[in-house]
Amino acid sequence: MQYHQHQHQFPGPGPSHTSVYSSDGFSCSMESIPLPEHLQQRNPPMEEHYLQQTILPTRVPESTVAKAREIVLSHITSQEHLPWDTFRLLPPKADRHQKDTLYNGFLQVLKMITFVALFVTTLGSSILAKLSLLVMAAGLGQAGHNISICPDKIPESPKNSVLISPKNAAKWAWALLLAICIPELLCFARSLHRSLFRKVRGPSFLQFLLVFTVESVHAFGLGALVFAIMPRGMVITMLQLGNSLCLIPSLLLPLSRSRSRWLPLLLLLDGSAILAQSSAAIWRGSIPLERFGFVFLCTSLISIAWWQNFVHPHSFLPATRFFAHYAAKLRECRSKTFVVLSPWKCLIFTFCMFQFVPPQIPFRELLQKDPFGEKLVTINAYNLNQSQLNAFQERMENLERKAFHQQHPHIVHPLKLNRKIVENIANGEAALFRNGTRRPPKKEEVKKNKMDSKKKTKKLKKKKGGNNNATSTNSSEKTPTKGGVLPTKRERRTMAATGSNERVEADYSSNSDADEQEEEEENVAAYNIYDDRVELNQFTTANDALWLVFVQAGSVLLCQLCAKFACKVVMQRVGLALPVVLSIPFGILFLAYSCRQKATNPCHLSEWMSKELFWQCPTRPFHWQRFFREQPNLLWLCWWLSQCWITIHLWLPRQERLAKSEKLFVLGYIDAPFPEHSIALDRRRDDKIQIRSEDIDTEEEANEGGGEQEDGNSSTHTCESAASGLVVVEAPFPKHPNVGRPTAASICSNGSLSSGSHRSDDGGLIRELPSSADSVCKIYVCATMWHESALEMGCMLKSIFRLDKDQCARRNAQRYLKVVDPDYYVFEAHIYIDDAFELDENGNPHPNKFVHQLLEKMDEAASTKLQLRTPRICVTSYGGRISYVLPWRNRLSIHLKNKLLIRQRKRWSQVMYLYFLLGFRLMLRVHEQKRRELLAENTFILTLDGDVDFQPECVHLLVDLMRKNRRLGAACGRIHPRGSGLMVWYQKFEYAVGHWLQKATEHMIGCVLCSPGCFSLFRSSALIDDNVARKYATKSEKPFHYVQYDQGEDRWLCTLLLQRGYRVEYCAASDALTFAPEGFSEFFNQRRRWIPSTMANVIDLLRDYRNVVRVNDSVSIWYIAYQLVMLFSSVLGPGTIFLMIVGAISISFNIDTRLALLIVTTPVLCFCVCCLTCGTETQLLLAQVIGALFAMLMTAVIVGTSLQIQKDGLLSPHSIFLFTVLGSWSFSALLHPLEFGCLLPCGLYFLAIPCMYMLLPVYSLCNLNTVSWGTRENASVSSSSTGQFSGKREERGDILPHLQKTEDGELSVGCGNFCRVVCCVRNPSSPPCADETVEVRKLDENFRKIERKLQSLERRTNGQGNNAEEEGKEEEETGKSEQERKEGREEGKEEEGKMSKRKKEEMDLKGWMELEPFRRFEPIVLDTEEESFWREMIEKYLRPILPNSNEQARIQRGLNELRNTCCSAFFMVNIVFIIVVLVLQLQKDCLHIEWPLGPLVNQTRVQCGGGGGRDFEGEEWIMSRLQLEPMGFVFIVFFLIILFIQFLAMLFHRFGTFTHIIASTELCCAQRPLDKLSEEELVAQNAVEIVRELQAIRGIDSSLSRSEQFQQQPLQRQTRQHFPRTLSLGKRQQNAQIPPRCEKGGNERGEESPTSLPAPPVINWSEVHRNHQRVQPMEGGQQFDPRKDTLDAAFRQRFFALSSSSIAADHHQNNGGHLVDTTGTGHIGAAALPLTLNRRTLRALEQRRNILYQRGDRKRIPALNQQFHSIFPSSSESEGEEGEGGGRGRGREQERDKCLEGKKEKFRQRVEEGPARCHRLEELFGKSRKGGPQKRGKVNGENMKFLGTTNKRAK
């Protein structure tokens, strides 16, 4: 038995309480005491590791023991809860971006609509695609047949028929070819794009040969089925063949099964599926006899394409495993393979068409010149009497007259009628689909039609036009009556142009070539009348078959898109699986109904289809009773059932949200004849790694736990998925040497990414994994702080605690309930505080007030009901570190940076954690290359600022984006500024518009250029890549580097990622709040940093655009052009605003433009001069004054703009631009309903335009030589310290502090570059004058000499040594020449460095640990490896830079030159632009562009001279157009184009955000009622929610109403009942503190059952409720039980103490004898009882707990813990009896005092006898573990006997 020391902190000030526990959880002492040596050295792994452990040192000083004993006794006597302190102080309501109930309800409705729309669209598009292709196949099969059509063309006869010639039917062969080739052509285009613009692998010869063979066979089978089978079969039969395409998958399915106890049953079902699919060989159907066996061959060849999806790497057959691994390699080179195979498959389809179609259609007809052009068709009507013939002739003549009068309205009595009537016979144009019924022709009728056709052709050649009436009864001998001659194509086009609205609707042509066809078209009559029949010749609509192809291809693509969308948003069951099952049955229903209607109504569907086009229906009428009795239909039913079984994986999806298509589908292409079935078979069967709960262990679990189980059983459990909601059958995993040993979930660098040239991009495919736990998401939360306020610190800490709570719920769900959560992650938090130390009067560092402020906020941020455990503290090479264990057992490390030891600033803090977390923990500790790659891809760094506020759901959304795309290097969320004041209001609108338009545009058309450091998620594999982290650690050398590297470090890091080929995305659904600058000066200083760094990074990106476009798939040359345009608009923005103000003043006040120019120029010129000559405070003061004046002037601009609109009209360019901008903002706000309030400060934004877009850029560029931070510049060092030790300030970590007089600060809002036409700017401080530089340098040199002398004197006085040689050198240095003085200055710097090093060595770097409150923390020492890492890291990258006057002067000169160059170019460009526009405006009459829209019409009266000397007034109408200067017109069009691009990109981005939100929304109504779920399903579906309720603390986690408090009270009161903590997997207990009690109490039920775990202590819920009603008013002032050091331990107590029977009895008594049915609520909601009060839930939890933890000797652990608990029972059991009255209260206080005295005495006794007792326990339990099964009973008896004796002694 081993012992471990844990720290527990009681509420209130004072040191911590130290307890020593044995490995089995028994408390042996209550204070720190020297333990036996054999107990101090051993520390085997533990299973429970929620608290960090510290192995006791070999020697514990007596002073430490006495101090600990005194502290513990003082805590025992202290009163934790004062009964009179019942009043509560509630924290203020959080200023958060709330999503209320209405919003959640709206999401529920929206998801329901999406479900319905997806189902209907997928099902409808799949049915339409199949039916449209089948109708094309039916049209091909009609060649040479005479079919019946709708009698609307010749209504005089009840039956109309038409003969379909082969030439007319040839177009359907080409239509079928196009239909099946379009998906292949799209696949070719996609593969070609990936091959050209992405780095993809090419196939080897064997790989290409295998894929080539398979795809060729598949293409031949598909082509043969379409061209040889479908045109000759009945439509229902052809539709049924879609379910017989699974033969090869059915054969591979049983070969891919893994070993499990369900394997026999699965093999039986697989065999049935094989028999069903093989029955296609004997299926007869309606296929012609010669094609009998050909159907089975075609379906078999088609099904071979999906073999890759049905071979599994975990198969029990080695051959199947080999092919599975080979298939994974094939998928990596799929793009380059299909660049060749897609065109090849189109050639195979063409070969099949020419091979199987010519028996029906000759080659000559297939190769005709225009197969899709207009064709002639003859409509016949037989068996007509004379009256019917006369009626037909009269109708035709009337149509001719009508057509003639429409063309020649001026001719009243035509001498000869024009016979061009062919397109005027039918009413309406020919539609895409027209009616037509097929009727098999008789042989006699075919002969007669041929003879009539020959005679008719001869007659037509003899005579054109005229009406010859035939009276003979023999139609074969007499000349028929003919209608007018059909017009030529030219004439028909002319008639169409004249507006004729009557078109021909049938299709016919003779068997002749193109020349004969032209001649025939000119000679064929429109109609012919015979003795008993008539003929009507008409032209069809051109390209009608092409339109049908487009409909079919569009349906296929729509089906594919909907299916992919359903899989991405986790709606696969409804959006894909259900349509796959129902598509063919619904299609059969529709066809059966249509065929039945067609048999009775020939005009059925005539409005939607061509007259002659219809499916080939069965000859016999369709009846459902006969349908299911026929053998082919029964076989089809077997096919359908077998396909449902083969595609059962569609109903069990395991993919993550928003997964890429490469992760969802194997091949990616689709077959046009059966789109949904090809998608179903192509959908991946294993799209996510199977992760076991035993493998999901954190890194500390792996270090503490391990080893085999005690009973030697290595079998594990397959766990339920919390996402799917279905219980997976438990199956043992194969025995493996690593089974049972948790794997360290650390991360590693990607070694394969070292060069970047040989990196293989598999499109997001998951490779072979060394361990399934390596794919678990791990998040490092890294926050940088400087001088944040207490409120800002509290917001950031509360966000971390929320993340801690969420992670703990998911961890406990998979740890205790054995449910694997797909969103599970591991996280660890780090906070880096810059300049955390200040010097005291002795020159020793100690933490400043901000560190103390942060420590005070820790307990406050945790909650008001609990305090954190005692943290650990240590001294490091960079200062110090404080390590906390959060309430839900995750770790938080606070790194205190000493600027004398390490460089300060945010960028260097980021370099610290990049190298520590990714370099040290990954590269140094993980050696396997594949594991490094996998861990690096699944490890992320969440960067935070010290004032950010966010929810865990926002982090999940960013992780979803990371999982979707492996090439995604960073993702950022939507930043919301918070605070108060006008500046915050302005920033809210600015942030909103910037995110809505600018960031969304960057995301859609390229990459986001800046992922703000206040809330962003970075991928580790991207950060550790070449030229990223290493280049990020580069020290600034050039002036441009100081602007790019240090002023905008977040943007620069994203630039490095883009240049390396990674993508940066923006997630609008992930919200984070941050404090924005509230003052004018702070805002200007912040933007003074942002604008130059933004421009510098954009310029750097544009310089390297060739490399970025080449390596980055997301950046194109068009995106580079967009950024170039935006850069130009930013530079010319101030000039544009200047001109706008000048024009507005001129119009508003009706003054000359020159005077308005002078008015505006004067203040702007004064401000520019001030920025170049005066100090920062003067500049900011003048900026406020001028900005206020311009804001007041902007009110006149509003009037001027209104007048301009009234003058120029609503269609003027200025009006259009203004309304477009306002409309885009308003519509964007409507699409962001939760952010609509951000649109309200629009007026303030308008008033601030001159200040923010004209003055701010000038201020930023004029102060470009100032590189201070500018925000939160509070003095952090006391005046005494700075006065005495001013020289130490020179030893900071950067050279930048010497370039200005202000302290560095930290970025509060890390979001840059917002959407506006003009970019914002930043604020620098004033540069020193050139004349002052030399004087300052001389003074600095003299001060340094004096300082060195003082330091030498100080060392001599303190007895720390004296160096006379140094003084001699200093004296000699003053007398040297100028050259010698320079050399001496360098030597002085070296000597100063040595002195500085000695100073650091002489400092007491550990003394601060003895100060308050650090002396109460637990001191530890870093391990040697980490200490060595920090020393080497600081020495190489982070060593403080010593001051160098020459270097400082050089950099300052460079910054001044950079400032002068940029300002000169900036002012020159804007001045030239202003002059050009103003001159063009003044000379607008000479050089202008007339605006075509909105001409102005003016009416004037003029005096006109009349006859006789009299004048009169006349009206003159003058139309004028706006005259625009060319430059202004170009800029308006330019900005409109940018706005249109941004608006369009915003729409697409909103759709992506909608997809993300829908995928993350859980539909409440989709969950089955609780009473309908089994107990296992209840736990599996709601595991995380159950854990949240069990680990919740009332009053902390949610604000409950009184009814909800009553409902949750039994659960909350249960936490006060003590129960042994280690009841899990039989390993030792870590954190079970069992304090003593003075009197006997508690429940003695603990008997061990032979079949289950011992019953936990039963809690009297009715008594608890009564006590709760008495003490409820006092609970507001009580603190949480300090014995529960983490809420994770509280959850464990509640989990093992749950009892469904006690809760049932409690509810029975509380409801007047009526038992409440808590399961009848149906769904989980706010008004429903918590899940943990549901008796079925508790019963399921009990059953699962007993099953999971009843293994071997584990079942005896609870009994031992309960027996030993009687020795030291919890004193909290009596707390519920307090508060009944004052007298009883005073009596209890006396009893409590006696009890505490007894506790002290017992504690002293236990301190003395603790080691012996613990040693005895270890011996007994050691024998129990070593003994066999026969000896354990005896040993257990001895243990019980010993425990009973110990219990008596304790009593």
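Residue positions begin at 1 at the first shown residue.
Glycine is no exception: its Cβ is also placed from the backbone N, Cα and C atoms.
Positions annotated as coiled coil by Swiss-Prot: 1329-1383.
Annotation comment: Swiss-Prot describes 442-454 (among others) as compositional bias 'Basic and acidic residues'.
Taken from Swiss-Prot, the feature compositional bias 'Basic residues' applies to 455-465 (among others).
Annotated compositional bias 'Low complexity' per Swiss-Prot: 466-478, in sequence order.
Summarising the annotation, Swiss-Prot assigns compositional bias 'Acidic residues' to 513-522 (among others).
The compositional bias 'Acidic residues' feature in Swiss-Prot is assigned to 696-711 (among others).
Among the features that Swiss-Prot reports, compositional bias 'Acidic residues' is placed at 1364-1373 (among others).
Residues or ranges marked as compositional bias 'Basic and acidic residues' in Swiss-Prot: 1374-1402 (among others).
Summarising the annotation, Swiss-Prot assigns compositional bias 'Basic and acidic residues' to 1637-1648 (among others).
The compositional bias 'Basic and acidic residues' annotation in Swiss-Prot covers 1781-1822 (among others).
Taken from Swiss-Prot, the feature compositional bias 'Basic residues' covers 1823-1834 (among others).
Look at N146 (N-linked glycosylation site): DSSP puts it in a strand. Per Swiss-Prot, the feature N-linked glycosylation site maps to N146 (among others); the stated evidence is sequence analysis.
Look at Swiss-Prot and you will find N385 (among others) tagged as N-linked glycosylation site. Spatially close to N385 (N-linked glycosylation site) yet at least six residues away along the chain are D532, judged by Cβ distances under 8 angstroms.
Look at Swiss-Prot and you will find N435 (among others) tagged as N-linked glycosylation site, backed by sequence analysis.
As annotated by Swiss-Prot, N-linked glycosylation site applies to N469 (among others), with the evidence given as sequence analysis.
The feature N-linked glycosylation site is assigned by Swiss-Prot to N474 (among others), with sequence analysis given as support.
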Tertiary contacts of the transmembrane segment (545-565), as residues 6+ beyond its ends and Cβ separation under 8 Å: 118, 121-122, 125-126, 128-129, 132-133, 135-136, 139, 171-172, 174-175, 178-179, 182-183, 186, 371-372, 432-433, 571, 575-576, 579, 661, 664-665, 670, 672, 675-676, 679, 1555
The transmembrane segment (209-229) touching the transmembrane segment (292-312) per 3+ Cβ pairs under 8 Å rule: yes
Cβ atoms near N146 (N-linked glycosylation site) (within 10 Å, other residues, all chains): 18
When counting Cβ pairs under 8 Å to the transmembrane segment (262-282), the leader among 169-189, 209-229, 632-652, 1210-1230: 632-652
Composition by DSSP (helix, strand, coil) of residues within the topological domain 'Cytoplasmic' (1176-1179): 4 helix, 0 strand, 0 coil
Seg_contact(the transmembrane segment (1210-1230), the transmembrane segment (1125-1145)) with at least 3 CB pairs under 8 angstroms, min sep 6: no
Selected stretch (most C-beta pairs under 8 A with the transmembrane segment (169-189)) from 209-229, 574-594, 632-652, 1125-1145: 209-229
Leading stretch by Cβ pairs under 8 Å, where the reference is the transmembrane segment (1236-1256) and the options are 574-594, 632-652, 1125-1145: 1125-1145
Per-residue pLDDT averaged over the topological domain 'Extracellular' (230-234), given as an integer: 84
